[in-house]
Structure formats: structure tokens, C-alpha cells
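Trainee: Residues annotated as repeat 'WD' in TrEMBL: 6-38, 97-129, 497-539, 540-572. TrEMBL lists 340-363, 811-836 with the feature region 'Disordered'. The feature domain 'DUF1899' is assigned by TrEMBL to 372-438.
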Amino acid sequence: PGIKLLLFPSDTVTDFDFSPFDQLLLATGSADKTVKVWCLSENGQDLPASAGVILGPEGCQVDMLQFHSTADGVLASGAGRRVKIWDVAQQQSLTELESHGDQLQSLAWKQDGALLGTSCKDKKLRIFDPRAKPTASQSVQGHENNKDSRLIWMDASDYLLSVGFNQMREREVKLWDTRRFSHSLLSCALDSSSGYVWVPLCPGNPRVWVAMGTPGCIHWLRLGRLARGGSCAVGAALTLSVNQCVTEGKTQGAALVPKLALDVMACEVARVLQLTDSFIVPISYTVPRKSVQEFHEDLFPDSAGTLPSASSQEWWAGDNKQPSLTHHVVLFPQDGSGLSSPSSSLTSPSMAPSVSTTSGFASSSSQRSLQSILGPSSKFRHAQGTVLHRDTHITNLKGLNLTTPGECNGFCANQQRLAVPLLSAGGQIAILELSKPGRLPDTSIPTIQNGTPVADFCWDPFDLQRLAVAGEDAKIRIWRIPPGGLQKMLLEPEAVLRGHTEKIYSIQFHPQAADILASSSYDMTVRIWDLRTKQEVLCLKGHTDQIFSLAWSPDGRKLATVSKDGRVRLYKPRQSLEPEQDGPGPEGSRGARVVWACGGHYLLVSGFDSRSERQLYLYKADSLSAGPIAVGTVDVSPSTLIPFYDEDTSVVFLTGKGDTRVFVYEIVTEAPFFLECNSFSSSDPHKGFVFLPKTTCNVREVEFARALRLRQSSVEPVVFKVPRVKKEFFQDDIFPPTTVWWEPALTATAWLTGSNAQHQMLNLQPKDMTPVSEAPKDVPVRKYAPSSVYLEEKSDEQKKEELLSAMVAKLGNREDPLPQDSFEGVDEDEWVGRHG
Ligand SMILES: *[C@@H]1O[C@H](CO)[C@@H](O)[C@H](O)[C@H]1NC(C)=O
């Protein structure tokens, strides 16, 4: 995700933690002795004016916070000598843990969420079972020096790692078995230079740690084999190795990027953000693999996912359910071997708005109540895009023309086949059958010889064999593909439409009536064609500059356009050739797209503002002149975001040619209008991203959209799913009856003479499934609470300052001065573990 700068209108932030189930939910501890829970806004830049929940005040400054790892809305806070466990939604404390003889130094939940460990200035490590009793169930002398210490659970195992100082004031790491918590299994001294920042390279893997210290070096801590099931971990060893990566600047803090944000297809197993005085440096760890075309399952076993396994009440009542596992999420290779040197690149702290990825599925009652306090969210926020198995890909594509004009989507597809232009003087188009995935032959394949370069093209929704191609020669050619696909070169179009006087920008078939096609051209007209007579039937006027995009309304009565002349226009073509309405459009002149949304009552425009930021604009279709009712900034990037709107879910997918990310929003007709959902990211830029009809979706897998992703030399299906617990039921809240838009509702003549019609609707429920609405237990109900989110103005300097101090407080060494001396390399042999 993009780097966000957060600023809070409260006093000094002492610690913070994001909810593992909702990345927009942030708890902060502050010097004013309270714990605040914030719901960050979806666009990643705006800040809530006030905290959603305030807990406390505690008797003294809140020094540490950690959300529970399995239960929803459970938060541990440490202030002075006391740990409190909160039920955030109920805004009350569940218990207070006492027994600390001095100031707390760290706290940590065990991954299974049953136990909590602390380290304390009284040099003791303690284990609490907070639901059993408020006093420590076990404790042990930890490190000999009472300087800063930290306690870290090793995965879900019974092992603990503690980091502290020995009598010689050297930094040391100790390994503990909590089943025999009387002495450490082994310990390992680090160097005496201080100021390390510890990052578990993968929280799910106990073996590999990164310590970032003085300038220039990153250390690896590697744990040898842990004897499983034996009486003790004989032969276990801690190894510290110095990594070759030279980082710039002194490390002030470091954090691990969430696993879901990693580039899995590039075999990126971890990414650490290093904070220095003036930079945030992403350091990426990849495992070199010969093929990066496929998903390497061995590198990425399932890991704890982002769904809570219990509500706060269930957990408090004794529930011990384990976290649900997320597939295809990163864990470390078991032996930590084969890691390549990390690559790093410098980026200054970004002030650019960035859309954050979100998580946190509203499945438990406490989460819902939290959300009703904190504001609306989408039930699609957890939508997960996945590239389907390699067996379904078409590979070895050669000579694709990937420089199609901005008005064109790059390629086009229907449920049977796709068309993609090739590099060649004669405007050749390759036709590929989706039923025949696999590697294409090295020899050339049969093509359509369009005769002139392709400006735009699209499939006839009602005739899967028919492709309309707009040419740079101002003509539209209609091609017919034989059933089963092209066997030989196609030289003769079925029809040629002549009338435009200049090059064509884009074309689009009518959504209801057969044989009706609209086209826009450099001649600044939009023409409507009857394919049976091959004649132009209507010619719409009024544009004064390039027509970026056109879109028929779902009912086929209206046509909207967005133009470089800065206007959004709406035509009722059968009533008038002049616009019925117009209103202000995007200011930027790089390009724009328009789609209809929310039952055909709204228009969604994607375009650029005057500073070239990519933005979304939502209009009420009956009052364009009033301007957009909502504007949202997506990011900064040169290519136009191409929207695909799914009527059934009101979810819009947006991505540009050459992008690696597909943004997903649910559109709602009240504030905040755009509810951000999890985006899909890929390792390499796609050349095109085209969605397929709903009927291609596997509803049993709660797959609500399916697309094809065009890469340099392959096409691969990408499916978008919603994680659901009761998958045995048909998720009727996600799959309402869908429009049978692939069958015409009208003939061309009927439409042209003023008739209207409606498509049939299709129920997607498989016969053997019961709707989830009829399932025994109640299903989550979405609530929209009014949201009041305001931007607070602060200077970039202030933002930097606050980020820096917050991160140092969170991750840096709180007591030690940062070493000024440069670090000397250490031989790996020196770090072989010594038993403690
Ligand atoms: C690629 O297509 C564009 C239009 O779609 C055309 O202008 C260009 O000449 C084509 N390039 C080649 C090398 O065929």
C-alpha cells in the first residue's frame, strides 16, 4: 500500500497499532493517558476529525498497544505497571493485569490469542492467561540489565524470544520454551553497539528476523532447527548474519509491510520499510526463481488471514477458535534459505494521495457495532482478486500491438473469445478462443486483415461471432468469426459502415436493441448506425473537442459522453440530436471515461484533475449541470482509469493500461459515495483488463466478477471473490437476479421507432443450494452511519515530524541513544548460538 502520513489532532502519540482485521482501524496511545481508536478514511489522506472511541483515561501515559490476533475488537494497552484488555466496541475494559514490579517494557499476544506475555523493567518476563486470572500464570528472570527489553512470540509455538541486555550491557537475544519457563534454552549476544530496531521478517515464521542498526547494515537473525516434540530444543542455534545490503542513513524505525500487499507473483516474500531521517526506504526480499509466471506455493503457505475467528464476547467467554487461514499469502521458506540480497530503492515520504487497501470483513457482531460507530464500509471490502491456474492461460502470444489509442481498452473479449491487435501495417487482429487455453504455436496464427490500424473494437453483445472494428480510415468494419474460431485469414468484412469524415475514437453497441451501434469521431459527431441496412440513422452534435468516451444508459434510452472540452453531456438520441443536458466534466485533458451506475440514475466519470491526479466523479444523471455530487482522488498516474461497473453489486473496477493495480470501489448513493475495497495488484503492468459476463462466475466460490488480464505475451483469467464463512449457501445478497444483457430486448426498428423494453432477469442460484438469507443463523446486515470526515491542514514538515516521532516511538529503541559510530561487519561464525 502507499505510504500514508497520519496526523492526529491530539497530543503526542506514544504507540499505535492497526487492527489485524481492518486496516482502517487504528488504535493510538497518547500522553494524555487515553487510548483512542480511529477509523481512517478510505482515500488514505483525509483524517478523522475526532477519534471514534476513547478509552480510559489510565493513571499514566499509555506506552504500548496491541490488538488481539484472533478476536475482533480486543485491544491490550500497557500504561505504567498495568495492562488493560479492552472490548473496543463496548468501550469497556475486560480485565486488568497486575503483578508487574516496575514499568512495563513490552507486551505481546500469542498468535492463538489465548496468552499474553510481557517484559518489565523489574527484569521479569511474565505470561498471563487473561481470561483465567488477572495475575501472571508464569514468570521468570529475563535479562540481567533492566534497560529496554522486548518479548516476541515465535509464531503459534510455545517458544518465546526476548531481546534485552546482559550484565555487560551487551544486547542479547534469548529463546524460551514457555512449557519449561524456568531457564532460557539458549542465548546469543549481539554486538555492543546499540540501537537496533527489530522486525520479524515474517510474523508467521519463527525463524527469520531482521535487525536494523547503524548505517549501512541490516542483520539477519536466523534460528536453527527447533526440535519439535522433544523435551528441549537440543541443537537449536541462533545465527546472526550480516546482510550485504547497504542502506542509506541511520535507521530510525522499521516496519513490515502487510503480507497481503506483497508481490507474490514476483516471489517477494517480505518487504520492510526502513525509516531514516529523511527517507522511507522499501527493502524487498525476493526468492530467486526461474519462472515468475506462476505462483510458487512452497514459498507462500497459507497464513493467518484477515478474518477474525471470534467476537470479543465469544473470546472473553472462552472461545479458542484459531484464526482462519488465508490462501496465497506470504510466509517465509521454512529454512529461510535461498533468499536473494534485498533490493532497495529510495522514495521520499510520499505526499501523494494514495488509496489504501482495506481489510476487515464485517462478520462478527462486535465488528459491526464498531463499524456503526465509526462509519460505513463495503461488504466487498475484502474482495480478493486471484489469477487463475496456469492451465487456463493463453501463452506465447507474439507481436501484439500494445499501443492502442487511449479511447480503446487494448483488447476485447466475450464469454467465448478475445480479439487483440497485432503489430503490422495492415491492422491485423488475432482472435483467440477461451475454450482453447495453452501455448500458442510458434508459427503465425490466422488473423483478421482489417486493412487499416484499429482505433477501437468491440464484440456484438447479442452475436458472439460478430466483431465491430473502427478504423483509422473513418470506416467501421463488421467481421464475422466462424463458429469454433478463425481457421484461416479473414479478408472480407461482413459490412463496412461509411459516414464519418475523420478517424474514429470509440464504438459501442446498444445494450437493448440488436444491430444498433454508436461511434464517436474526430469529426466531433456521435453517429448511430443500423447494422442491417449498414446506414447511419442518427448523427449527434454539440461537441467542441475530442470525445473521450461514450456510454449507453442501461435502459438504452440515453447516451452519455465526456469530452476534452470539459463537459459531460447526455443525449436522448431519438428525441434530439443536441444534448438534453450538460455539466462540468474533469478539467484534465489527458483522457476520461464514463459509465452509468446505480440503476442508471448516476454517471461515474474517471478522469484527471488540473494537477493530473486520477479522479472519480459521480453525477446524478438528471442534474448534470449541478456538477458532480462526489469527487474522489485515486492516485497519480498517466493512464486513464478504465471503469467496469457491475450493476448487480454496484462495484466498480478501475485500472489503466500499463497499471499493475485494479482499484475496487462500491458506489453508494449517499456519503461517502465511494467505499473502498481491497484492490488487486500484479507484479507486472497489464496491457489490458477486460471483464466477462456474470454467467462466467463461479457463484459457489462467491466469485462475483471475472476478468481477463492481457500481459506482454499471455492472457490470464482473474477472478474476484468475497470471502464468506457459509459458502455452502448461495450468497443471495451478492448475487441478485442478473440482467440477461446478452439477448436483445428489442429489434433495431422497434428501438428506432420509439419502443423501449427491459431485459429478462436470471437467477444465478444453483438448484442444489439454499440462499444464505434462508440459512438458520442471521447474516450480517450492513448499516450506513453518517460519516463526518474532515481534512485537517498541516504542512509537509509537520507531517514528517509526526510520522517520524510516532514511528520511532513504536519501533525504535526508546531508551538508547542511536549510535553515531559506523558499524563494523561481523563474521557469521561469531554468532553461532551459545547456550544460556
Ligand atoms: C498499433 O496500433 C495503432 C492504432 O491502434 C497504430 O496507430 C499503430 O500504427 C500500430 N502499430 C504498428 C506497428 O502496427
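First residue shown is number 1, and so on along the chain.
Yeah, the Cβs are placed from backbone N, Cα and C, and that goes for glycine too.
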Trainee: What residues elsewhere in the chain lie close to the repeat 'WD' (97-129), defined as a C-beta under 8 angstroms and at least 6 residues from its ends?
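Mentor: Distant Cβ neighbours of the repeat 'WD' (97-129) are 63-64, 66, 68-71, 74, 76, 78-85, 135-146, 148-153, 155-156, 160, 162, 164, 176, 178, 181, 203-204, 304, 315, 320, 322-323.
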Trainee: Can you give the mean pLDDT for the repeat 'WD' (540-572), rounded to a whole number?
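Mentor: Mean per-residue confidence for the repeat 'WD' (540-572): 97 out of 100.
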Trainee: Taking DSSP states H, G and I as helix and E and B as strand, how many residues of the repeat 'WD' (540-572) are helix, strand and coil?
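Mentor: Per-class counts: 0 helix, 17 strand, 16 coil.
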Trainee: Pull the DSSP breakdown for the repeat 'WD' (97-129) and write it out as helix, strand, coil residue counts.
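Mentor: Residue counts for the repeat 'WD' (97-129) by secondary structure: 0 helix, 17 strand, 16 coil.
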